[in-house]
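The ATP binding site feature in TrEMBL is assigned to ARG80, LYS120, 125-131, 153-156, GLU161, HIS184, 237-238. The domain 'ATP-grasp' annotation in TrEMBL covers 84-267.
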Amino acid sequence: MKQVCVLGNGQLGRMLRQAGEPLGIAVWPVGLEADPEAVPVQQSVITAEIERWPETALTRELARHPAFVNRDVFPIIADRLTQKQLFDKLGLATAPWQLLADKSEWPAVFARLGELAIVKRRVGGYDGRGQWRLRENETAQLPDDNYGECIVEQGINFSGEVSLVGARGRDGSTVFYPLTRNLHQDGILRASVAFPQANARQQAQAESMLTAIMNELDYVGVMAMECFVTAEGLLINELAPRVHNSGHWTQNGASISQFELHLRAITDLPLPPPVVNSPSVMINLIGSDLNYDWLKLPLVRLHWYDKEVRPGRKVGHLNLTDSDTDRLSATLEALKPLLPAEYASGVFWAQSQLN
């Protein structure tokens with residue numbers, strides 16, 4: 001039996017474990033403080049559900065492990081500075097940007113990038129944390145200790161957000177899912193919608209860009225690329241060197257889920273293109289209590305993470321897949337009263353994409 005150790009024991013590791021069982025792959029999600037002696041590290045392929053981690057006894061052990069897939073890639077992508085430098089090196093479209101080293105640079109920043117600056121911590125920060133949207137009269141809002149530790153990007157006037165989830169095998173072969181349309185609110189992904197056929201021009205551009213990135217890094221496994229949709233084409237926002245929230249719909253909407261696809265890639269199993277036959281919707285459950293009334297709706301598939309419910313915390317997601325978009329939209333309408341009021345705008349957005 002093949003064995004995989006996942007650095008990190010959150011919901012992504014949990015779903016990788018679930019995906020491994022039908023394949024005969026034993027997947028062990030392990031916390032960062034785990035005792036290396038208690039984990040079957042030496043007999044395993046190593047992967048991660050996180051981009052960066054502190055130094056612990058376990059991570060020191062893994063840093064020397066010859067089967068830690070993409071070990072040297074994680075630091076490049078975990079730092080937004082080196083991530084942006086990678087895009088520039090490959091000539092890939094991304095928002096104009098620069099390192100923000102000192103507050104004296106602000107006049108030049110606005111002169112070069114325009115009236116809206118998006119400041120992002122180089123490392124850390126997710127779901128909208130560690131980011132600021134600043135205009136010229138708002139720069140004092142940025143704490144002083146962020147200078148030198150942030151990049152600043154041009155605020156982009158975009159018409160939508162999409163992500164591409166794909167995988168690369170050790171032999172250099174690549175496969176992709178259709179582009180996923182995403183809705184973020186306050187920096188947190190609220191809903192995703194995917195169709196069997198995405199916009200052909202956008203799909204081709206996205207696949208070309210992500211292929212170039214994965215080839216440059218000699219990456220193996222699933223990677224996600226978030227993009228802004230603009231009149232000129234797609235602009236890369238950020239990368240995730242792992243399975244991704246916007247790909248969760250593939251659990252019920254594709255012949256091979258992103259979790260199975262990642263395991264196939266890192267364990268050298270066949271990597272055929274996943275088949276997508278029907279539209280899918282994913283609704284993130286954020287800070288909401290478990291409600292089994294969701295299951296009264298026949299199209300709803302519940303994925304609950306068994307985490308303590310706290311405000312702003314992702315605790316699960318709902319997947320809906322059907323060939324009939326009217327039936328999907330009607331199910332979303334029936335779902336609205338079963339969700340807290342703040343979900344209504346995200347559900348309405350998903351319905352608008354289906355229509």
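Backbone N, Cα and C define each Cβ position, glycine as well.
Taken together, the residues in the domain 'ATP-grasp' (84-267) have a mean pLDDT of 96 on the 0 to 100 scale. The most densely surrounded of the binding-site residues ARG80, ARG129, judged by C-beta neighbours within 10 angstroms, is ARG80. By neighbour count, meaning other C-beta atoms within 10 Å, the densest spot among the binding-site residues GLU153, ILE156, ASN237 is GLU153.
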